[in-house]
Structures are given as C-alpha cells and as structure tokens.
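Annotated features in Swiss-Prot:
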| type | residues | note |
| --- | --- | --- |
| ACT_SITE | Tyr157 | active site, proton acceptor |
| BINDING | Gly14, Gly15, Ser16, Arg17, Asp65, Val66, Asn92, Tyr157, Ala158, Ala159, Ala160, Lys161, Ile190 | NADP(+) binding site |
| BINDING | Ser144 | substrate binding site |
Amino acid sequence: MSGLLVNKTAIVTGGSRGIGFSIAKLFAEQGANVQIWGINGEAGQAAAQTLSEQTGRQVSFALVDVSKNDMVSAQVQNFLAEYNTIDVIVNNAGITRDALLMRMSEEEWSSVINTNLGSIYNVCSAVIRPMIKARSGAIINISSIVGLRGSPGQTNYAAAKAGIIGFSKALSKEVGSKNIRVNCIAPGFIDTDMTKSLNDNLKNEWLKGVPLGRVGMPEEIAKAALFLASDGSSYITGQVLSVDGGMA
C-alpha cells in the first residue's frame with residue numbers, strides 16, 4: 001500500500017464529525033491505523049464504521065472525555081497495548097460556550113478552558129513518554145484564528161486557543177531533541193456544524209474579512225494536518241499553520 005502515513009498509528013480526538021472526521025479519513029486513506037476519540041458513544045461508533053467503509057481500513061473508536069486525565073491515560077495505555085506505538089496525535093476536541101465577559105459564568109469559563117486547553121495537557125502528558133521512548137512523534141494541536149485575533153463573546157475560547165499555541169511552542173522546545181515535533185493549526189471560518197449554526201448576517205460579516213472570499217472546508221484543514229503528520233514537515237516544529245483564507 002502506498003501513502004504518506006503507511007504503518008503509522010494516529011489518534012484523533014473529537015474525530016466523530018467536522019474537522020476531526022475529515023482528518024481521520026485522510027489519515028486512514030494515507031495508510032495510517034487511526035483511532036478516533038469522542039464523548040458520544042453512538043455517534044463515535046457510527047463515525048468509525050463510516051470511516052472504515054469509506055477508506056477500506058479499520059478505523060476504531062474509543063469513548064474518552066479528554067477533560068478527564070484518568071480516562072485519557074487509561075486509553076493511551078489501551079492503544080499502546082494494541083498498536084505498540086503512537087506516531088501521531090491530533091488534539092482536535094473542543095467546545096464553545098459563548099458569552100460577553102460581563103455575562104459569562106465561572107462554569108462557562110471553566111468548561112471551555114478545561115475541555116479545550118486542559119485536554120491538551122491531559123493528552124500530551126500521556127503520550128509524551130512513549131513518544132520519547134520511540135524517539136519519534138508528531139503532535140498536532142488544533143488552535144483557531146480566534147486564538148490569534150480574539151473575538152467578542154469568546155474570551156474563554158480565545159484564551160484556550162491562544163494557550164494551546166503557547167503550550168505547543170514550549171513543548172516543542174522540550175522534546176525537539178527527541179525527534180518529536182509539535183505544531184498547531186489555526187483554522188479560520190470553516191464549514192462545520194459550529195459555523196452552520198450562525199445566522200446569515202453573522203456569516204456574511206465573517207466572510208467580509210476573508211480575502212479568499214469563501215468558507216473553508218474541513219478537508220482543507222485535514223490536508224494541513226497530513227502535511228504536519230508526514231515526513232514532508234520533518235524540519236518543522238513549534239509553528240502555527242494558519243488555514244484561514246488570509247484572515248490572520
């Protein structure tokens with residue numbers, strides 16, 4: 001079999017839909033053994049079955065709440081028991097709880113920080129030792145243009161996504177000597193369930209700020225992730241790849 005990720009193993013968090021689903025699909029098409037993680041068992045199993053059918057490869061699903069350190073650690077050990085190594089991890093899971101700061105509850109703040117940023121710590125701290133042992137690995141953390149520019153009503157989301165960038169740059173310096181690369185992707189206005197829920201007026205306002213004049217597709221984020229996961233980016237670490245139609 002030919003492909004950029006043949007015989008590689010990969011975990012994609014939040015892989016049941018949207019960007020994560022597209023990344024998992026492309027990775028599998030390129031020869032990787034892929035496992036998607038999510039918190040909805042029914043949706044996750046269905047997504048894994050669909051991915052397996054579409055790619056002709058066995059894609060598995062694990063029920064994991066990435067905001068729970070013990071669940072993450074346990075599933076990493078399960079994955080290693082089955083596949084022996086973790087070559088690529090894509091931290092894509094995330095939520096939004098939008099509100100102006102003056103109206104934002106502590107719970108709305110904490111839930112977004114814990115899920116979007118705390119999960120990065122949980123997953124990376126669990127996979128880093130086996131990657132160091134293997135002296136190889138690619139960590140891809142999905143940030144956002146909001147983490148670069150900010151967005152009104154999203155102080156929690158912006159803080160988490162900006163934190164992911166800082167985390168990734170710091171970690172890249174810790175583990176670079178072990179041949180482990182850590183990079184971020186900062187998607188812009190992408191066609192996902194999250195953006196589909198926006199009203200037309202808000203969508204049009206967003207599009208005014210996109211020089212390419214259109215919404216991005218999840219598959220375009222997946223192509224960026226494939227590049228960062230493959231040997232084509234073997235001398236790239238600690239970077240933020242903006243895939244945003246020129247918004248940043």
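Backbone N, Cα and C define each Cβ position, glycine as well.
Positions of the features from Swiss-Prot, shown on the structure.
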| residue | record | contacts (Cβ under 8 Å, 6+ apart) |
| --- | --- | --- |
| Gly14 | NADP(+) binding site | Gly20, Trp37, Gly38, Val66, Asn92, Ala93, Gly94 |
| Ser16 | NADP(+) binding site | Ile36, Gly38, Asn40, Ala43, Gly44, Ala46, Ala47, Phe61 |
| Asp65 | NADP(+) binding site | Ile39, Met71 |
| Ser144 | substrate binding site | Tyr157, Lys161, Ala186, Pro187 |
| Ala158 | NADP(+) binding site | Val146, Gly147, Gly150, Ser151 |
| Ala160 | NADP(+) binding site | Gly94, Val112, Ile113, Thr115, Asn116, Leu117, Gly147 |
| Ile190 | NADP(+) binding site | Gly18, Ile19, Val215, Gly216, Met217, Pro218, Glu220, Ile221 |
